[in-house]
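A.B. asks: Below are the structure tokens for one structure; questions will follow.
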Amino acid sequence: MRITLVDHPLIQHKLAHIRDKNTGSKDFRELMSEVSLLMAYEAMRDLELEEKEVETPVARARVRVLSGKKLALVAILRAGLVMVDGILKLVPAARVGHIGLYRDPETLSPVQYYAKLPSDIAERRVFLLDPMLATGGSASHALALLKEKGATGIKLMSIIAAPEGLERIARDHPETEVVVAAVDERLNDHGYIVPGLGDAGDRIYGTK
Ligand code: PRP
Ligand code: URA
């Protein structure tokens, strides 16, 4: 499994505010969206290009434009939703799929309650979005679902990962590339990332 750590100073600065428990929902959402956009810039570095010509006001120019597979963003609900809008600013033509999962509070295993994916998901480059990779159960379930639908070459984008989550993805889906902004210390007894940022869904939507 390939891990790309995107630790640009702008991302680290925004992450400091995101982690702070005194940051309210409005700022939290905006910062999460901004970090997602900055991470996508790096995650999409290997998109294919093709040459074409345009006429500038001065002369003809050889330029390069995106080619190859079209893109799909797949958000794991709820928290993955906060990553979608920022990334769509970069790639507005991407299709968006949703997979609804929550963690059973006792077992920490993911429970699926919804899935709606682009019908041509197998022909697209897929970016799976979930800001928190904790036990890795949710992301692993979503990756299995996407692979069942024929998706290949999926990149998982998570803002904060725990070592346990990375190990789980390496074991279950070793072909996956994971793009993260931080790898934290560990999980606590309740399956929360330490130091992490708390419960992402609750902080985004103010539901605690
Ligand atoms: C959170 C988070 C991830 C998941 C990560 O979702 O958004 O989807 O936990 O944990 P895991 O790696 O151990 O599976 P949660 O279950 O709290 O649901 P929510 O986003 O709807 O609040
Ligand atoms: N889900 C979250 O939102 N936060 C964690 O730390 C772990 C799982």
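The backbone N, Cα and C atoms fix where each Cβ goes, glycine too.
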A.B. asks: Given that TrEMBL lists Arg78, Arg103, Asp130, Pro131, Met132, Leu133, Ala134, Thr135, Gly136, Gly137, Ser138 as binding 5-phospho-alpha-D-ribose 1-diphosphate, which residue among Asp20, Asp199 does it place in the same site?
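C.D. replies: For 5-phospho-alpha-D-ribose 1-diphosphate, TrEMBL names Arg78, Arg103, Asp130, Pro131, Met132, Leu133, Ala134, Thr135, Gly136, Gly137, Ser138; of Asp20, Asp199, the listed one is Asp199.
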A.B. asks: Out of Ile193, Gly198, Asp199, point to the one nearest Arg78 (5-phospho-alpha-D-ribose 1-diphosphate binding site) in space (Cα versus Cα); all of them are binding-site residues in the record.
C.D. replies: Asp199
A.B. asks: What three-state secondary structure does DSSP assign to Asp199 (uracil binding site)?
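C.D. replies: DSSP call for Asp199 (uracil binding site): coil, neither helix nor strand.
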A.B. asks: How long is the line from the C-alpha of Gly198 (uracil binding site) to the C-alpha of Met132 (5-phospho-alpha-D-ribose 1-diphosphate binding site), rounded to the nearest angstrom?
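C.D. replies: Gly198 (uracil binding site) and Met132 (5-phospho-alpha-D-ribose 1-diphosphate binding site) have their Cα atoms 10 Å apart.
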A.B. asks: From the Cα of Asp199 (uracil binding site) across to the Cα of Gly136 (5-phospho-alpha-D-ribose 1-diphosphate binding site), what is the distance in angstrom?
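C.D. replies: Cα-Cα distance, Gly136 (5-phospho-alpha-D-ribose 1-diphosphate binding site) to Asp199 (uracil binding site): 15 Å.
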